[in-house]
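I have a structure I would like to understand better, so I am pasting it below and will then ask my questions one at a time.
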Ligand code: SAM
């Protein structure tokens, strides 16, 4: 069984050379070639044996191999057609466990393709990474989303904004939207030298696991509230929330001092205000 999970494969550098996969900046291509590092990333979601998984941007297939070695059944979406022959070799090496979709991850229905309870694992292209994350965080949540976890490589600055706690410069809308019904943490920092070619900045893998959503709170109200509050993050809430009908009343009902600034308001406090906002706006 173990041999089946670890077929012998050519080094990733040879795959890149054999298929002429020079990295394209426009496609956000920064490849990871260190297989030990890739195995550590694939271990972050926990045991994957027999579990469905979904990868965006497999490229030459480094992380793809690691996810397959961990035993998952993987669906991977790649936009760069040059990578398809290299990925076909992986499909052959892991029979029945990899399905590659040639296309744009922004247009693919991940839930339909990957199936319920899939682990999403990706070294994301920087140009679409945040948009994809917001899409996954906005999924139907009844009582949990279709995905079991998100294990995603981002530029460090984005990773810090996702996992940020109140009080610092990184804390904002992305932290609240990432944490109001999920746990989000930085699981691993990755030096820029680990990538080929190295990007300008450091990176980090974020691990997000969903929790049952707080009752009576809609994403729509939380989005409006955080957009208004962080739109003028240095201002007091009584100023920044003035234009959002019902928001100042909701603040008073929850007992939050309107002289506070958005960056001091905890995720649970935003959730409470959004709940009141929903009641009065309904
Ligand atoms: N997974 C590989 C690795 O870790 O070495 C490559 C990661 S590289 C940062 C991002 C990958 O996403 C590239 O293979 C790129 O072609 C692909 N990509 C870029 N935009 C995409 C999109 N909209 N949909 C699907 N794949 C995309």
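Note: Cβ is positioned from N, Cα and C throughout, glycine not excepted.
Per TrEMBL, the features are:
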- 30, 32, 57, 78, 104, 123: S-adenosyl-L-methionine binding site (BINDING)
- 37-212: domain 'Ribosomal RNA adenine methylase transferase N-terminal' (DOMAIN)
Kindly assign residue 30 (S-adenosyl-L-methionine binding site) to one of the three DSSP-derived states: helix, strand or coil.
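Reduced to three states, the DSSP call for residue 30 (S-adenosyl-L-methionine binding site) is coil.
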Among 78, 104, all listed as binding-site residues, which has the most CB atoms within 10 Å of its CB?
78
Per-residue pLDDT averaged over the domain 'Ribosomal RNA adenine methylase transferase N-terminal' (37-212) comes to what?
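Mean pLDDT across the domain 'Ribosomal RNA adenine methylase transferase N-terminal' (37-212) comes out at 97.
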Does anything in the same chain, at least 6 positions from residue 123 (S-adenosyl-L-methionine binding site), have a Cβ under 8 Å from its Cβ, and if so what?
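Long-range Cβ contacts: 30, 32, 41, 57, 59, 63, 153.
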State the count of C-beta atoms found within 10 angstroms of the C-beta of residue 32 (S-adenosyl-L-methionine binding site), not counting that atom itself.
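Around the Cβ of residue 32 (S-adenosyl-L-methionine binding site), 21 other Cβ atoms lie within 10 Å.
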For the binding-site residues 30, 57, which one has the sparsest Cβ surroundings, going by other Cβ atoms within 10 Å?
30
List nothing but the largest Cα to Cα distance in Å, as a whole number, among the residues 30, 32, 57, 78, 104, 123 that the record says bind S-adenosyl-L-methionine.
21
Helix, strand or coil for residue 123 (S-adenosyl-L-methionine binding site)? Use DSSP.
strand
Taking DSSP as the reference, which of helix, strand or coil describes residue 57 (S-adenosyl-L-methionine binding site)?
coil
